[in-house]
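Taken from TrEMBL, the feature active site, proton acceptor applies to K191. Positions annotated as NADPH binding site by TrEMBL: S13, F14, R34, Y51, K108, A140, R255, E281. Feature annotation from TrEMBL assigns sn-glycerol 3-phosphate binding site to K108, G136, K191, D244, S254, R255, N256. As annotated by TrEMBL, substrate binding site applies to K108, R255, N256. Marked as domain 'Glycerol-3-phosphate dehydrogenase NAD-dependent N-terminal' by TrEMBL: 7-159. Positions annotated as domain 'Glycerol-3-phosphate dehydrogenase NAD-dependent C-terminal' by TrEMBL: 180-320.
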Amino acid sequence: MTQHTAAILGGGSFGTAMASILAENGHGTRLWVRDPETAAAINEDRENPRYLPGQALPAGVVASESLEEVLKGADLVFVAVPSSAFVEVLGQARHWVPDGTIVVSCTKGILEDGFLLMSQVLQREWPHTRVGVLSGPNLAREIVERKFTGTVIASGDEALRATIQKALSCDYFRVYDNPDLYGVELGGALKNIYAVASGMAAAIGVGENSRSFMLTRALAEMSRFAVGLGANPLTFLGLAGVGDLIATCSSSLSRNYRVGYELGQGKSLEQAVADLGQTAEGINTIKLVAERARELQVYMPLATALYDIIYDHQPLETMVVRLMSGEHKHDVEFSFHGASS
Ligand SMILES: NC(=O)C1=CN([C@@H]2O[C@H](COP(=O)(O)OP(=O)(O)OC[C@H]3O[C@@H](n4cnc5c(N)ncnc54)[C@H](O)[C@@H]3O)[C@@H](O)[C@H]2O)C=CC1
Ligand SMILES: O=C(CO)COP(=O)(O)O
């Protein structure tokens, strides 16, 4: 296997999980973290105590708080910081990223300014690089525990996809490829909304039928939204859509699910987010998507109900009432009018 030098920007849960796979696969693996204490804990104790406590990391992961040290000579760059920090980090790191470097976003969020997905931000900020997106049912804790799963590398650049497939594949991580960069990335961002909804539903004690019903209707409204944006909703039938929707909507390992659960238990948004202490992209995504759905006149009862509950202090029951009394009654709504492939 070709050995690479990989730089992972962001030493939270997912950056650490990616570093763990890359190091185990024998690649030079450098993880950028913000503070020297975390770097020391990773390098000396082989553990990321804040984000993945109790999980031993492979010896090959080298952490540093210096972007220069991490990026110098790297031919693969993985960006795994929250969407709120994405532009800032790209700005700081730009100087050490040469032309033609492969850069893969692992971030499942949306930038408010321009409603941009992270690959679009990458193309805007680092137009000299080759851009891909990694997305799928990839709860970080399970990856570092080597529980098998699959993921998707999406890019219009076929050679990039092949390179990342080879670099990341191992006996517990299977990498599929997809040329539909936008669709894969949109699926990863949208499913966070429904993980919040699922956590909330669990907290108010809904049944298993209810949960499956919500999940399926979530997929229907995601697909309508994709069509509204000119994207291909059929991409949502893959790992970055259905796969990730099932994983995050079913697991308390999902931080979005956990925030939803706490909200369902009556905590304020501020309290729920503060208690989590980690990234829950869905909270911001709910706001951006609900606003966009209203503009585009896309019917999204779950996303808009969540907006009203979280940002407009409507009662929790709003979610169920909207879902049960909406205007649409068609079952399968996948329609594709021929947009991006
Ligand atoms: N944790 C998971 O299971 C998965 C997460 N993701 C995505 O990865 C992205 C990152 O999430 P996690 O690693 O889970 O978050 P996290 O909350 O575990 O860690 C966030 C990391 O970003 C760093 N960070 C925050 N603000 C920063 C700034 N302004 N400048 C530099 N660094 C900053 C933090 O220090 C921390 O290392 C999110 O978009 C998430 O949706 C994707 C797949 C799985
Ligand atoms: O995207 C994820 C798993 O694929 C992680 O979800 P959370 O950000 O909700 O933890």
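Placement of Cβ uses the backbone N, Cα and C atoms for every residue, glycine included.
Candidate recorded positions: K108, A140, K191. Those with a Cβ under 6 Å from ligand 2, in sequence order, are K108. Among the record's NADPH binders, S13, F14, R34, Y51, K108, A140, R255, E281, no two C-alpha atoms are more than 21 Å apart, and one pair sits at exactly that spread. Among the binding-site residues Y51, G136, A140, D244, residues whose Cβ is positioned under 6 Å from ligand 1 are identified as Y51, A140. Around S254 (sn-glycerol 3-phosphate binding site), a 10 Å sphere centred on its CB holds 24 further CB atoms from the protein chains shown. Sorting each residue of the domain 'Glycerol-3-phosphate dehydrogenase NAD-dependent C-terminal' (180-320) by its DSSP state yields 110 helix, 0 strand, 31 coil.
Residues K108, G136, K191, D244, S254, R255, N256 are recorded as binding sn-glycerol 3-phosphate; their most distant pair of Cα atoms lies 15 Å apart. Look at the binding-site residues R34, R255 and count other Cβ atoms within 10 Å of each Cβ; R34 has the fewest. Every protein chain considered, the tally of other Cβ atoms within 10 Å of the Cβ of E281 (NADPH binding site) stands at 23.
In this structure, F14 (NADPH binding site) is part of a helix by DSSP.
Considering only the recorded positions G136, K191, D244, S254, N256, S13 (NADPH binding site) has S254 as its nearest partner by CA-CA distance.
Cβ neighbour count for D244 (sn-glycerol 3-phosphate binding site): 29 (other Cβ atoms within 10 Å of its Cβ, all protein chains included). Note: A140 (NADPH binding site) has non-local neighbours S13, F14, T16, A17, Y51, L52, i.e. same-chain residues 6+ apart with C-beta under 8 A of its own C-beta.
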